[in-house]
Amino acid sequence: MSASRFIKCVTVGDGAVGKTCLLISYTSNTFPTDYVPTVFDNFSANVVVNGATVNLGLWDTAGQEDYNRLRPLSYRGADVFILAFSLISKASYENVSKKWIPELKHYAPGVPIVLVGTKLDLRDDKQFFIDHPGAVPITTAQGEELKKLIGAPAYIECSSKTQENVKGVFDAAIRVVLQPPKQKKKKSKAQKACSIL
């Protein structure tokens with residue numbers, strides 16, 4: 001039996017968007033009720049996706065600005081990033097292209113990014129928006145638009161609280177590494193012609 005491939009998956013995104021909850025929900029099928037900024041040990045497990053077994057290593061990062069200099073140290077060797085924003089936070093959505101994409105392109109160019117909208121359960125919760133009048137929901141169409149803008153191969157919306165699509169996030173991350181999307185090649189006129197001398 002051949003050894004399974006190791007995939008390093010790093011979560012990034014603004015503080016309080018639900019990165020740690022997503023990881024805890026995926027690895028333990030439980031939802032932490034208290035907000036504790038980034039308390040998730042690195043985690044590794046064998047996962048089967050499309051018949052292939054991989055050893056998935058999960059790394060959590062702190063989104064707060066206090067960690068801007070420390071956070072990139074965890075990017076080394078990353079095979080894929082899960083870039084999370086909250087579906088109920090316009091600021092976290094805007095920071096995907098303003099802050100996170102420039103940071104990832106600088107420290108880890110060429111590493112694929114799976115874009116993830118978190119807190120799906122709250123997007124349709126009318127009471128949440130009554131209690132938080134400044135909150136603006138992000139639509140699926142806006143998420144898809146952002147995916148195209150940043151060139152991410154996948155966009156997934158999930159809820160760590162209800163577990164909806166949580167497994168799908170990590171399956172997508174594994175798939176992006178095992179079957180990278182084909183890059184569109186632009187052929188120049190010189191490449192099309194064949195000359196024999």
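Backbone N, Cα and C define each Cβ position, glycine as well.
What you see is a predicted model, and the numbers here were worked out from it, not measured in a lab.
In three-state terms derived from DSSP, Lys19 (GTP binding site) belongs to a helical segment. According to Swiss-Prot, the feature GTP binding site maps to 13-20, 60-64, 118-121, an assignment based on similarity to another entry.
What Swiss-Prot lists as S-geranylgeranyl cysteine is Cys194.
Summarising the annotation, Swiss-Prot assigns cysteine methyl ester to Cys194.
The motif 'Effector region' annotation in Swiss-Prot covers 35-43 and rests on sequence analysis.
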Fewest Cβ neighbours within 10 Å, where candidates are the binding-site residues Ala16, Leu120: Ala16
Residues near Gly13 (GTP binding site) in space but at least six apart in sequence (CB under 8 A): Lys19, Gly63, Leu83, Ala84, Phe85, Ser92, Asn95, Val96, Trp100, Val116
